[in-house]
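**Student:** Structure provided below as C-alpha cells; questions to follow.
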Amino acid sequence: MLFPAHFISRVFHNTKSVDVGPQGISVRRSGGTELLSWVEQSRPPVLVTDWLGTRIDCFQQDTTLKLRLRGHCHLQLQHHLEILWINTHKARLLSSVRAIEQLLQCRYLSVRNWAAIRSVVAELAKRWSGWTSQAQMHKTLKQAQCTVNELHVWQEEDLAQFREAFVQAQLSRYEAFFDTVCGHPLTQSQRRACVVQDERQLLLAGAGTGKTSVMVAKAAYLLHSKQAEAEQVLMLAYGKEAADEMQQRLKHSRVTIECATFHSLGLGIIAQVEGHKPKLSALCLNDSARERFIADTLTSLCQDPQYQRDLLALLKNEFADPQQSQEIDFGGRAAKKLIRQFSEALSFYKQALFLGKTQALSQEFVLWTNCFRPVLADYQLYLQKEQCIDFDDMITRAIDYVRSGQFCSPWHYVLVDEFQDISPLRALLIKTLLAQNDKNALFAVGDDWQAIYRFSGGDVSMITHFAEHFGQATIQQLDMTFRYPQQLLDVASEFVCQNPSQLVKRVNASNMATCPALVAHPDGNDALSTAIEAFLDLTAEPCSLLLLARNHKFLPSPEEIASFAQRFPRVRITALTFHGAKGKEADFSILLGLHQGSVPARAHNAAITEALLPESELYPDAEERRLFYVALTRARLQTCLIVPEDPSPFIEEVLALVNES
C-alpha cells in the first residue's frame, strides 16, 4: 500500500512516499529508501487523524517516528498495520507464553524462575501491553496477550497466591506418595517442605520434628515428580553416623541416592580428578602421634637460637612458665600445654589460611605466629613426603578442583542436614559447587537452637543469617514435634529464646502428657535410684533412660550403671554427655552434675584459640544455653533434674519457667 507523503513531510523531512508492506514500512526520501521493519517496531503503528490530515506513528525502542500522509486514510489502514505487525511478532509471543505456562504448571515458582519469567514478560509487555487491537485477533493470541498483561502487573501478593495454589495442587496430586514414602504419613509442614522448591531454601527443624523424614521424602519427591534423576541429587550429613542412618532410611524408601559426609564428598572429588583416593595421614587419626610429631619438630626447630628464645618467651607469656633456664623441658607442664594447643591449632589455622583470615592473627599474635608457622610448614612438608592428606585437605583440595573446573558438579540439588553445625570451610565447599552453574538448588535443614559445635568450627550464623551467606531464600519450619509433651516444649523453647538472636519458632507437641514433663529431685546418695523408681511408677512396660551430664566426670561409672541395670531390669540405661546426647532420645532422662560453674561451663580457651574459631556471640553463654536445651529435650515422657546444693543458674531459670507454666 503506497501513500504519498504530506506536503509538510516533503518540505521538512524530504519524504516522498510511504509504502506499507509485509516486511515493514518503507520511507522513500530523495537520498534513498529507509525500511522500518516490523521486527524493529516495539508495538503496532498508530494511525492518527488531525486537522492536518493523517499520520502514522511508528515506535522504535525509545523513539517515535511520525510519518504524515496526504489526505485522510480509512480506519481499515489501522487494521492492516496491526495485522502486519502482529503476524511478525505473534510467533514469539505464543512460544514464550507457552513456555511460561509449562514452567508454571510443572515447577514451583522459585525466585530464579520468577526472575526469568519477569524478564521475558517485561520484554513482551513493551510490545503487547498498553494498546487494544482494532483488528480481529485469534482467540489464542488474545489469551496470550492477556497472560502477558496480567503477569506484568503481578505483585508479591499475587506471587504468594499463585505459589500457594501450586503447593495445594501438588499436595493433592502426591497425597498417597506422602502418606507412604517414609512408612508413615507426613505432616502438612513436612509435605510443604518437600513441595516448595526454591533455589535457596532453609528448613528450621526443631528437636523431634522429623527432619530426617523430610530429607528422605524431599529426595524421593524430586525423583518421583520427575524433577531430577538420582545422580543429580547430592545429600550431605554432618557425620558418618548420621550419613549411615540417612542411607538406611533412603534404602527403606527405595531411593537410590548416595548420602555423603563433607569429608567423603571431598575425598570423592579428589579421587575423580586425581584418578585414585589419596592416603589419609596417621597424624590426623591419632592425637598422641600428632603431639609427638610436634614435640619432635619443636626440638629440631630449637636448634636455631632465635627460635628457642621466641619459644621460651611464648611459654612464659602464655603459660606463666616460671622456669628461668634457657633449655626447654618438653616433658614439662607448660610445654605439654603448648604442644596440645599447637596440635589443635593445625586444623583451625589451615582453614583460616585457606579462607584468607590469618593477616589479623599475624598482627595480633606475633610471637605465637612466629613460633607456630614453622611447625605448620614442617607438618605440611611431612604430608607431602608421605603423599597423604589430612581432613582439612579433603575439603580445601576439593574446593580448588571445583573452582578450577577440573571437577564438574553433576548435582542440581544439594540437600544438607544439620546445617547449624557447618563451618565456614564446609559452607565454602557448598557455595563453590553451587557457583558452577545457575541451575542448582540448596535445601538446608537445621535448628539454630541446637548449634553446639563452635569448639570444632561450627558457625551458627550460617543458619541465623542464611540469606546473607547463600542469597535470597525461602525459610520454612516444621511445626510438630513427636518426641516430648507440650509442657516441656514450652519451657525449653522459652528458655533457649531468652537469647534474642535465636530464631523464633512456633512448634506444637503431638504427644499428650500423661505425667509432669519436667520434675526436679534434690541431689543426694539415693537421688538416682529415687528418680528411676519414680519413672517405673509411671509405666509397666520396659523403658529407656538417658543419664546426661555436661562432662563425663559427673556420669556414673560403667560399674555403677551395670549395678543400676541389675537393680532395675526393666530400664535400658545409657550414659552420655550433653554433646553426645544430640540426636538421641529415650522414654526418660536424668540430668546430673548441674552445679554452678559446671552448667554453664566456663570457657577456658586461649586467646589465639578464640581468634581461630568462628566469631563468638554477644549474648552470655549462648552456646551453653543451647546445649542445655539439647539436654532438656531428649525424653519422650519425663525429664528429671537432679538439683545440687549449689544449683546452676540454668536450673533456677528453668524451674521458674515451670512454675509460671
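Glycine is no exception: its Cβ is also placed from the backbone N, Cα and C atoms.
According to TrEMBL, the domain 'UvrD-like helicase ATP-binding' annotation covers 184-485. Per TrEMBL, ATP binding site is recorded for A205, G206, A207, G208, T209, G210, K211, T212.
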**Student:** In the same chain, which residues outside the set A205, G206, A207, G208, T209, G210, K211, T212 have their CB within 8 A of the centroid of the CB atoms that define the ATP site?
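**Tutor:** Near the ATP site, the remaining chain residues are D447, L478, T481, F482.
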**Student:** Please state whether DSSP places T212 (ATP binding site) in a helix, a strand or coil.
**Tutor:** helix
**Student:** Return the residues near A207 (ATP binding site), defined as same-chain residues 6+ apart in sequence whose C-beta is under 8 angstroms from its C-beta, sorted by sequence, else 'none'.
**Tutor:** D447, W449, Q450, T481, R483, Y484, Y629, V630, T633
**Student:** Suppose we draw a 10 Å sphere around the Cβ of G206 (ATP binding site). How many other Cβ atoms does it contain, all chains included?
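**Tutor:** Taking every protein chain into account, the count is 26.
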**Student:** Are there any residues in the same chain, six or more apart in sequence, whose C-beta is under 8 angstroms from the C-beta of T212 (ATP binding site), and if so which?
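**Tutor:** Same-chain residues close to T212 (ATP binding site) (Cβ under 8 Å, separated by 6 or more) are E245, M246, R249, D417.
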**Student:** Over all shown protein chains, what is the count of other CB atoms within 10 A of the CB belonging to G208 (ATP binding site)?
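**Tutor:** G208 (ATP binding site): 21 neighbouring Cβ atoms within 10 Å.
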**Student:** So what sits near G210 (ATP binding site) in its own chain, CB-to-CB under 8 Å and at least six residues off in sequence?
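**Tutor:** Looking at Cβ-Cβ distances below 8 Å from G210 (ATP binding site), excluding near sequence neighbours, one finds L186, T187, Q190, L478, M480, F482.
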**Student:** At a 10 A cut-off on CB-CB distances, which of the binding-site residues A205, T209, K211 has the highest count?
**Tutor:** A205
